[in-house]
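Peer 1: Copying in the features that TrEMBL gives for the protein in this structure:
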- 205: active site (ACT_SITE)
- 232: active site (ACT_SITE)
- 328: active site (ACT_SITE)
- 25-143: domain 'Response regulatory' (DOMAIN)
- 193-379: domain 'CheB-type methylesterase' (DOMAIN)
- 76: 4-aspartylphosphate (MOD_RES)
C-alpha cells in the first residue's frame, strides 16, 4: 500500500510503501510543558499520528515505554533526574528496534549531546529552534517540516523491517580476505586493488558517531587519500561531529564546504541538511553541496555521495557502510559495484542497527563484512607500495 504524506511547509511528498493499518503511536518526553503542548498540537494535525502519552524526565520515559508500547519516542536531551542520553541507553537495552528521535537545540552543549545520542542508538535528531527569542510558530514549523516526516519515515521503516524480517539471515562472520564481490581472488590481487584506492566514502546513521570515532582513531596519518563521510544528522550538528573526530584522530577533519577541492589526507563531513556530491574539475575533484530533494528521506544521503564517487573515481573508490537504520547507501553501492569498486560493510554483531549495512550485505554487494577494527586494518593497507 502506498502512503503519501504532504509536507505542509516545503510541499514535498514523502512516500512509504509499507502498509500502515493504524495510527502511529507517539510518546513525547520533554520536561517543558510548553514544548509538550506545542508538539502535541502539531502532531494532532496529522491524521497518521496519535500522541499516546508524555514523560517529563528520563526515568518516566523508560517506564512509559514499557507501559504504553509506543511506535515512536520523541526524546529531549536535557531533563532532570535522568537526562535524555541515559534514558536512551536504558530504553535501548530492551527496545533495540524502537524508533527514538532526539529533539535537541542548536546550542553547543546540546549539539554534543546529540552526537552522543547518535552514538548510543538515537534513530534520528531534530534541531529545536534556538532558545533565544523563539516563538511558538517557530517550534511549530520545525515540528511540521522536520519532526512529522521523520516520525512517519521511521515508523514505516520499522514496519518494513518486521515484514521483510531481514535480521533472520545468519551474519557476524567475516568474509575471507580473498573474497571480493563474491569472486575468489588471490591475496596479491586484493592488495593491488587496495593500493589503487584513491578515495574512501563512508555512510553511517544510527550508532554512526561512535563507529566513526573508533574507525578514524585507528587510521594512519600518512594515508594520503581523501575520505568523505555522510552521517545522517540535521543542520547544526555536523560541525561538532567534525571537531570531535579531529580531536580523537591523527587526521585533518572538517565540515565540507561547497566548491572546495578535495585534498588527499583530509576527511570531509557532509553538512547536515545538504547532499554532498563529488565532481571533476580538470584534474581535481570538487565537493558540491546541494539542497535537492531528500533520498531515502535523508539529506545528506549516502546514495548521493556513493553514486557521484563511482562516476569520478570509477574502480578506485572504497565504499564503507557502517551501522544505521534503513537502506540508504544500497543504490549507491550498486553503482560502485558496477564500476568494480570495493565495498566494506560493518558486521551485525558490532553494529547498533544492522539496517544500512545489512541491506548491502543481503544484496550480495559487500566485498567484505567486518567489525570496525578489521575495517581500519584494511583501510591502512590502501595506497601501500607493493613493490
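Cβ coordinates come from backbone N, Cα and C, glycine included.
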Peer 1: How long is the line from the C-alpha of residue 232 (active site) to the C-alpha of residue 205 (active site), rounded to the nearest angstrom?
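Peer 2: Per the Cα atoms, residue 232 (active site) and residue 205 (active site) stand 5 Å apart.
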Peer 1: What is the pLDDT of the domain 'CheB-type methylesterase' (193-379) when averaged and given as a whole number?
Peer 2: 96
Peer 1: Can you tell me the CA-to-CA distance separating residue 328 (active site) and residue 205 (active site), as a whole number of Å?
Peer 2: 9
Peer 1: C-alpha of the residue listed as '4-aspartylphosphate' to C-alpha of residue 205 (active site): distance in Å?
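Peer 2: So the alpha carbons of the residue listed as '4-aspartylphosphate' and residue 205 (active site) sit roughly 19 Å from each other.
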Peer 1: Within 10 Å of the Cβ of residue 328 (active site), how many other Cβ atoms can be counted across all chains shown?
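Peer 2: Taking every protein chain into account, the count is 29.
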Peer 1: DSSP helix, strand and coil counts for the domain 'Response regulatory' (25-143)?
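Peer 2: Split by secondary structure, the domain 'Response regulatory' (25-143) comes out as 55 helix, 28 strand, 36 coil.
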Peer 1: So if I measure Cβ to Cβ from residue 205 (active site) and keep only same-chain residues at least 6 apart in sequence, which ones fall under 8 Å?
Peer 2: 118, 231, 232, 298, 323, 324, 325, 326, 328, 353, 355, 356
